[in-house]
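*Asks:* Below you will find the structure I want to go over with you.
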């Protein structure tokens, strides 16, 4: 090797790095086509968002119109059915301070109250036209003394005894059966 070529390489070594192509690595497209592509993508995204918002608004408007029309034609019984249809298939469990737990089963229209000591469980049928408030339930259940049936007398029959198997409480639903499964039931 010639000494002159070594010195030339040392003074200016070859550059093996890739040539800069800009931010986006599309080698076959010129810059003006890249910009046009970006603008088209942004416009399409904006159109999709606007169309989605319009369709969602149209759906909400249609549901509202159907509900108003059904309520005006059907009067109170439709309003009652609509109010209960929102709650159908749901249960709600509420603590009443430190004194007990209330479970409302809106599908079976049952209300269960278990006092804090857990000696018994009160069951009450809920009227479909008037769902009581939590304050009214607390007053009603706390007005009844939370005594076990042995102290109140065994006049309640088999419904006052503790449930011996899970099949006996199947008609109550899962939430109420779990709450009242191990204690005697008292129907109000």
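The first residue you see is number 1, and the count goes up from there.
Placement of Cβ uses the backbone N, Cα and C atoms for every residue, glycine included.
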*Asks:* For the annotation region 'Disordered' in Swiss-Prot, which listed range does it cover: 123-143, 144-164?
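*Replies:* Feature region 'Disordered' in Swiss-Prot: residues 144-164.
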*Asks:* Have a look at 28, 104, 120 and find the one that Swiss-Prot tags as S-palmitoyl cysteine.
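*Replies:* That would be 28, per the S-palmitoyl cysteine annotation in Swiss-Prot.
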*Asks:* I'd like to know which of these recorded positions, 28, 29, 121, 180, is least surrounded, judged by other CB atoms within 10 A.
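*Replies:* Comparing Cβ neighbour counts within 10 Å for the recorded positions 28, 29, 121, 180 gives 28.
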*Asks:* Check the DSSP secondary structure of residue 121 (disulfide bond), expressed as helix, strand or coil.
*Replies:* strand
*Asks:* Take the domain 'BRICHOS' (94-188) and average the pLDDT across it for me.
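*Replies:* So the average pLDDT across the domain 'BRICHOS' (94-188) works out to 74.
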*Asks:* Cα of residue 180 (disulfide bond) to Cα of residue 28 (S-palmitoyl cysteine): how many Å, rounded?
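*Replies:* About 73 Å separate the Cα atoms of these two residues.
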